[in-house]
Amino acid sequence: MLKIHNSQSKQLEDFTPLTPGQVKMYVCGPTVYNFLHVGNFRGPVVFNMVRNWLEHLGYKVTYALNFTDVDDKIINRANELGMSPTELSEKYIAEYKKDFASLGLRPHDMNPKVTEHMDDIRSMVESLVSQKKAYEAQGDVLYSIESFKDYGKLSGRNTDDLLAGARVEVDEKKRNPMDFALWKAAKPGEVSWPSPWGPGRPGWHIECSAMIKNLFGDQIDIHGGGMDLIFPHHENEIAQSEGCTGKAFVKYWMHNNMLNFGGQKMSKSLGNIVTMREFLEMYNAEIYKWMILSAHYRTLSDFGDEAVERAVGGLSRVYSALSMAESYLTPEVTQEDAAFAKITQDAWKKVEEAMNHDFGTPDAFAAMFEVVRQFNAQVRRGMKANPAIQGKALAFHNFVRKMGSMMSLFQEPAHAFLIKLDDMLLKKMNLERSAVDALVAERGEARAAKDFAKSDELRAKITALGISVSDTPEGSFWEVTK
């Protein structure tokens, strides 16, 4: 049975959805005012995997990820660029979708935008005011945290501690310094919408509560997001939604950890931002997804050259074995080798065990690597094709592609991917493929002429360049050493 770490209880819990066989999942998406950095995409990759696994278990999943398209950052950036907030947000929603598609992730079922849900937001704020959970103050509407006795139950903080340690600006409009805005009165020159309290725009937290209520109703199964959203954003969502409906808002809270860059959290102020667009121009979507999924979603992950090298090495191992397997496959090969099929079946049980324990992707990867090791031990490039070899190749191929369908990995033709991977590395090494081909061909001629001294000299030269050469009955093959 699937167990999920619930951020609210801080424990592993058996997964039982509110409605048998169906899962309602909402994940906080980006505030769209610029190109998004690689840290912003950890959540989309993680929850894409979560959705895939839930569907593998037989659940019908409805998955929404929102766009915050009105916000202080959007307004300020739009003013800097001389654009309207709508023009700016639409531009960067389109750019996000390009990056998302480049990553080979499955589209969400819904991508609600804040500006499309103003009626829902106003309605929810009105409900909270009528229930005396919120109050109007000079055109603002503020949520009274004292009206919600369970405030702090997600983050584990209590209001006394929050007040004691808070650096909260003094605001005479607030009854309690920790009260937060549901609706903000319009400022001169800012975009605004009409409301019973005068023109204004929504506070950040009410947006998700209102969109979820409109899309899913009063309760959802899974609410996801980054750990940095636990407080105050998700804490405030609980207060708003449960204060409004009186029902438990979310059954399972899931939070992915952050990406660090050189031991520091990515931030514009530190100047260590790498956008996803920049990363994909330098590297490859498979590399990014491997970096994210080879670590458990709740662990802090480092992003940098060493992480890229580990991802390249891991992908190369799997894709090299997959390429070899596919070289033995033809449309006529339909029967898996029974002995190797047993190896893959046993490994799949380990994958399921790992994934059902809070989506344990590192252990699932370990099970996959054991299958790669077994395949490489039993099948070598250049072996003559026969039913046994082809049956092993088919069983291996099916296992890796099945694993890939859960992770949205291994989506590319294996041989073509390896060429692309080598070209990427050659570019970083300032080497041309044609130059390596020429050296390998020259070495082949020396071997054919039995000039072994020259052959060995050329091999040493090739190795010094960071290239590995393999000699098989079919000829010599080279790849960048990984």
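In case you wondered, yes, glycine gets a Cβ from its N, Cα and C as well.
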Of the ranges 30-40, 63-73, 74-84, 437-447, which one does Swiss-Prot flag as motif ''HIGH' region'?
30-40
Which range, 20-24, 130-134, 265-269, does Swiss-Prot list as motif ''KMSKS' region'?
265-269
Just to confirm: which same-chain residues, 6+ apart in sequence, have a Cβ under 8 Å from the Cβ of E237 (Zn(2+) binding site)?
H205, C208, S209, I212, H223, F249
Cβ-Cβ distance under 8 Å, sequence separation of 6 or more, same chain as H233 (Zn(2+) binding site); the residues meeting this, in order, are C28, W204, H205, C208, G225
Cβ contacts within 10 Å for C28 (Zn(2+) binding site), all chains included, total 20
Within 8 Å of the centroid of the Cβ atoms of C28, C208, H233, E237, which other residues of that chain place their own Cβ, given that this set defines the recorded Zn(2+) site?
W204, H205, E207, S209, H223, G225, L229, H234, N236
Roughly where does the motif ''HIGH' region' (30-40) sit in mean pLDDT, to the nearest integer?
96
